[in-house]
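The annotation region 'Disordered' is assigned in TrEMBL to 1-34, 90-113. Residues or ranges marked as domain 'Amino acid permease N-terminal' in TrEMBL: 35-101. The domain 'Amino acid permease/ SLC12A' annotation in TrEMBL covers 128-635. Per TrEMBL, the feature transmembrane segment maps to 129-150, 156-185, 206-227, 247-267, 274-295, 326-348, 360-384, 442-465, 495-514, 520-541, 553-577. The annotation domain 'SLC12A transporter C-terminal' is assigned in TrEMBL to 644-1030.
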Amino acid sequence: MERFNSNKGGHINSAYDSNLDEPPVYEETNDDHRTVRPSVISAFGHDTLDRVPHIDFYRNAGSMSGHRAVRPSLQELHDVFQKNGVISVPDTLEDDGERSSGTPSDDLESAAPTDDMKGMVKFGWIRGVLVRCMLNIWGVMLFIRLSWVFGQAGWGLGIVIIALSCVVTTITGISMSAICTNGVVRGGGAYYMISRSLGPEFGGSIGLIFAFANAVGVSMYVVGFAETVVDLLKENSAIMVDEMNDIRIIGCITIVLLLGISVAGMEWEAKAQIILLVILLVAIVNVFVGTVIPATNEKKAQGFFNYRSKIFLENFTPAFRDGETFFSVFAIFFPAATGILAGANISGDLRDAQAALPKGTLLAILITGLTYLAMALCVAATVVRDATGNSSSIINHTTPVICNGSTAVACELGYDFSSCEVEKCKFGLMNNFQVMTLVSGFGPLIIAGTFSATLSSALASLVSAPKVFQALCKDNIYRALHFFAKGHGKNNEPIRGYVLTFIISVAFILIGDLNTIAPIISNFFLASYALINFSCFHASYAKSPGWRPAYKYYNMWLSLMGALLCCVVMFVINWWAALLTYGIEFLLYIYVTVKKPDVNWGSSTQAVTFVSAVSNALSLSGVEDHVKNFRPQILVLTGSTRSRPALLDLAHSFSKNYGLCITCEVFVGPRSETVDEMNNAMEKNQLLLKKKKRKAFYAAVACDNFREGAESLLQASGLGRMKPNTLMIGFKKNWRTAGAEAVQSYVGILHDAFDFEYGTAMLRVNQGLDVSHIVEAEEEMLRAAKEQEALENEMMPNGGKGKGLFRKSRKSSQQVLTTRVSVCGSPPPQVAKMNEKLVEASLQFKKKQPKGTIDVWWLFDDGGLTLLLPYILTTRKKWKDCKMRIFMAGQPGRSDLDKEEMKGLLKKFRINCSDINVFDDLHIKPRSESLKELQEMIEPFRLHEGSKDADQIRAFIYCLNNTTKLNPVLKEQCLTYLFTLLTPCRSMPIARKETISDFLYMAWLDILTKDLPPTLLIRGNHKSVLTFYS
């Protein structure tokens, strides 16, 4: 055994001659941005074309830098010595610049560092995620409505409300953590995660409404700020116009200031958020400090008594009033928890989004949840539910007072609030929204905290909406919105998105009733949460090997529960808003599905589709075939998908969306020469099928001859029960000049189909089927035109760049171009006219068929395929105006009886036809001119009299005579019909192997279908495909 020295790289085997096995010589091309080791001598001790693992090999092919590193292909490694040991392998692959959707791939992690990128502002998990999420979750609810929630629900159910909200947001945070750690996260936040997980249909629908929700959320938060300012103006008699218009004026001024901060850049916005956070934290601490400061008589009259166990116990039970319920109170509180995506929305501006988002988001949920709970319990232990606010409510011990009801605790503490049971009071947890100001140590700090909470939430939404919207527009899912994809500055700021968000926010401040639209916005956020949870569940359920999140503390069923909880909460908040949200999302989903954006993000939807397909195929394999479920599964030998469009269109009419259709191509030649061409054709032809909206698969094989390739396709195509049962092939029009080998190969395929028990259908169109020479000419002209454009761009003063294929090719000359154009020149008029007729004939099955008949010559029973295929055509939309006529052979003297029997059989099969014709004279000798035509056709292939096969030829001529008699009858029946599809069983006779000459068999088929309209010759496999049993 040979051994290698790992330290010095020397070969130890003394019998080894290094001159006999020199390493291949290869050329290396260098890239300006990154260096890739051209060889691994230091690792293995000898030069090799293989590369060691490197991150650049795994980047997207179309990165923003336009390059990625490529490893040698398997063919290059495998064939290196067959190519004289010389091979050129580039270090980088250049993007062709022609993305299907017209959008850049935005592969940020592979972009080359530029001077602008070096100045980009990137945030860590604290400033980028934790601070933003806390500021967004700590909203006005903290200071305005939290006390009312615990007054209505009591602190027992109040804890349940906060806990339930935290459960929903925590599960969503866990699901988001799993998704964002399953690969690089770029800009777009929730939209990016949902679209890359569930696909563009879900992502595009939720992305648009999520961006809109953030834009309207700006106006809601700003109006909350403006209302607080107007209340202060009202207290000081400083109203400018009236309350409503003052709110509008202050709101518009505030949005302009916030827009200025946002447009100034993320760094300024982050500094503003820090200032607002400090103010908010001081206000929160102020509340806790105030609860331990001894209460004054004025505060006691308003219901604040410091910490009292009696108050705490009294406030434990719920006391719902004014028609409120647990669910209505929960619906009011829950929107306060909808800020958990504030950090994710700026994912493109995070230094390490995969590490920052899980840590920052979950910690923010924990901190804010504990803060809400702590502040709520503090006020529940210090403030009674009802208080008059009058100092005269102090109980005079000389006058006895009966203490009962909700005011019993206050009575025991020396205050008589019994009047609150008769009429509504203005103070206490149930009545006063400024309880936090009452409890705090310094009231103005609570106002400052309210300002901070509203402005920070507004600022976060003002930044989030354009960022998400920009990511949506970059993906070009909604082409009309691509204008907003452009970014500006070092951080690629969406200035156009900022302006649009500003316009939407101002519009809702000026004309919108925010109390009505608030439930819709909350439902928009919840719909995003639901899809994030479902994305995590869906990806886990698919069990794709690509689903490998670094965050392991998730559970697919927990994520599913989170998604269901979000949907339930949507209806709890507002049922009509939930239905409206679902309706809008469904319409957007349908729109994106219909538009079919040409993107492929490896979504879990694709993975689940694959899993379902495998599962269904396996289930189907365990079920025995039944005649009632028979449907033609077509294997059609079209060659390239553009070579024989008529054959493909007719085959697709049979299978449509309900059966299997495989278009096949055989690459003939040595495998080493054809395998590259075959591999390149696979994806190209499948994309062409998709573009032409043909629900079919493309399959190709490389073989030394055509028959071997077709035989391989007949045997190996399909999967389990999902395999072809019908071969469809075009008639070989040039059989008389093609040569013996070609004819033998063609007829041999028919023999193979019969051997493998395939049903067989052969299409003949007089003009022919093959348009490959026209397609090649068009492609050559297109290539010449593109090269002309590339040459013109090269000669431009600015050295314009070519695109696509011609970006690499810089050596094309005008002489080469002239040669190509001359080759693609106009053909002679006669050839051009023939090509025009050929193209017209090749497209005849693509368009809607006019009124006419499909003539079915059901002469012999082949299992019913001859009748079933025409019937299937009549069920298709393009063929719905065509009727079936049945022609059959009958015995002389009993034509009427044969007709009645056929009518009864068709009735049992539930197949309608316009007419049934019985021919009882097919045995009569044909006309002399027909026989002469037949004799001339087969004369070149006949043997001389006296040879050993002469008797065989005479017997065969008898069969041909019958065929010759049938052809004029077929022509006669076709004269008065616009289109006639002929399917006589005699037209596809079974030539016995090693008995009938291949040329004579082709003559048989030719004479039967000569000079007829498009004709389909069918032979079933003699197994029933029709039944009249239920």
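Our numbering is plain: 1 for the first residue shown, then up by one each step along the chain.
In case you wondered, yes, glycine gets a Cβ from its N, Cα and C as well.
These numbers come from a predicted model, not from an experiment.
Counted over residue pairs separated by six or more positions, the transmembrane segment (326-348) shares at least 3 Cβ pairs under 8 angstroms with the transmembrane segment (360-384), which defines the two as touching. Away from its own ends, the transmembrane segment (274-295) comes close to residues 127, 131, 134-135, 138, 142-143, 304-307, 371, 374-375, 378-379, 381-382, 436, 439-442, 445-446, 448-453, 455-456, 459 of its chain (Cβ-Cβ under 8 Å, at least six residues beyond either end). Along the domain 'Amino acid permease N-terminal' (35-101), the predicted structure has mean pLDDT 57. Proximity of distant same-chain residues to the transmembrane segment (247-267), defined by a Cβ-Cβ separation under 8 Å and at least 6 residues beyond the stretch ends, is recorded for 121, 123, 218-219, 222-223, 225-227, 229-230, 240-241, 346, 349, 455, 458-459, 462-463, 466, 489, 491, 493, 495, 498, 502, 505-506, 509-510. When each of 129-150, 206-227, 553-577 is checked for Cβ pairs under 8 Å to the transmembrane segment (360-384), 129-150 comes out on top. Tallying C-beta pairs under 8 angstroms between the transmembrane segment (442-465) and each of 129-150, 156-185, 206-227, 495-514, 553-577 places 206-227 first.
Two recorded stretches are said to be in contact when at least 3 C-beta pairs lie under 8 angstroms, sequence spacing 6 or more; the transmembrane segment (156-185) and the transmembrane segment (553-577) meet this definition. Same-chain residues lying 6+ beyond the ends of the transmembrane segment (553-577) with a Cβ under 8 Å from its Cβ atoms: 167-168, 171-172, 174-175, 177-178, 327, 330-331, 334-335, 519-520, 522-523, 526-527, 529-531, 533-534, 536-537, 540-541. Sequence-distant neighbours of the transmembrane segment (495-514) (same chain, 6+ residues past either end, Cβ-Cβ under 8 Å): 212, 214-216, 218-220, 222-223, 247-248, 251-252, 255-256, 259, 262-263, 462, 465-467, 469-470, 473, 483-484, 486-488.
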